[in-house]
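One structure below.
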Amino acid sequence: MDVVNQLVAGGQFRVIKEPLGFVKVLQWVFAIFAFATCGSYNGELRLSVECANKTESDLSIEVEFEYPFRLHQVYFDAPNCRGGTTKVFLLGDYSSSAEFFVTVAVFAFLYSMGALATYIFLQNKYRENNKGPMMDFLATAVFAFMWLVSSSAWAKGLSDVKMATDPENIIKEMDVCRQTGNTCKELRDPVTSGLNTSVVFGFLNLVLWVGNLWFVFKETGWAAPFLRAPPGAPEKQPAPGDAYGDAGYGQGPGGYGPQDSYGPQGGYQPDYGQPAGGGGGGYGPQGDYGQQGYGPQGAPTSFSNQM
């Protein structure tokens, strides 16, 4: 019990909610329905033979047949209207297609159960070295092909079984029914709805296994080289160098450098550092407005270059 509890506790049951595990559950269930509806079939037909001599007639002849539909081994006793009976055998052997269909269904059932247990309890081993998904994909592809072949073969085989067990066709092959004065009638056809259902489940399994190929294929990683990453955001182009000068703001000629506003080449440059007795002009005590400030020698010093 401890081992079971550990397995249950360590199981990743959420995989059943994912497409990979959920489809595997459907495959397991539909495989059961496929081989159960075909392998457990048991049919019966009825007919009557009425002889000219009423005492020799048999008005209720029952003929039973079942899986695997070796009809050539099925017979019934019919009156020959001459005081005796004759063994009448059905025609055909359709066991190959029926047994092939059931065999594929049984193996699909077993594989689905094993794969589902691996998904839940051995997820790490399944993904180790990517071997598990690769083997799973190959097995799924094989089973998809086998479902196609077996379902198609069984659909044809079922059509032949219906023809061989049709009371009208059986009556046509009976010698006693061709004799004058004798009357043969069909009383009941065999019910083959279960066999029809088995064919439907066969093709449903085909759809499930083919569809599951995509989910298993994604687990293999083979699709990674074909998946392109979404394009990234385009890089922002730098502004042209001559938009605001080659050197930028405050970095030399051509920009918006503050050094030229009051630079050495011109501008308002009052000399506040001259001594009081200096003769350089300005507002010193030795000069007035007629000598140095606005003399005929030229314009004021502060505007000599800019004006």
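The backbone N, Cα and C atoms fix where each Cβ goes, glycine too.
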- Query: Hey, in Swiss-Prot are Asp175 and Gly221 both on the same membrane side?
  - Reply: no
- Item | Integer Å distance between the CA atoms belonging to Tyr75 (phosphotyrosine) and Thr220 (phosphothreonine) | 54
- Looking at the stretches 20-43, 132-155, 194-217, which one shares the most CB pairs under 8 Å with the transmembrane segment (101-124)? 20-43
- Query: Relative to the Cβ position of Tyr75 (phosphotyrosine), how many further Cβ atoms are located within 10 Å?
  - Reply: 13
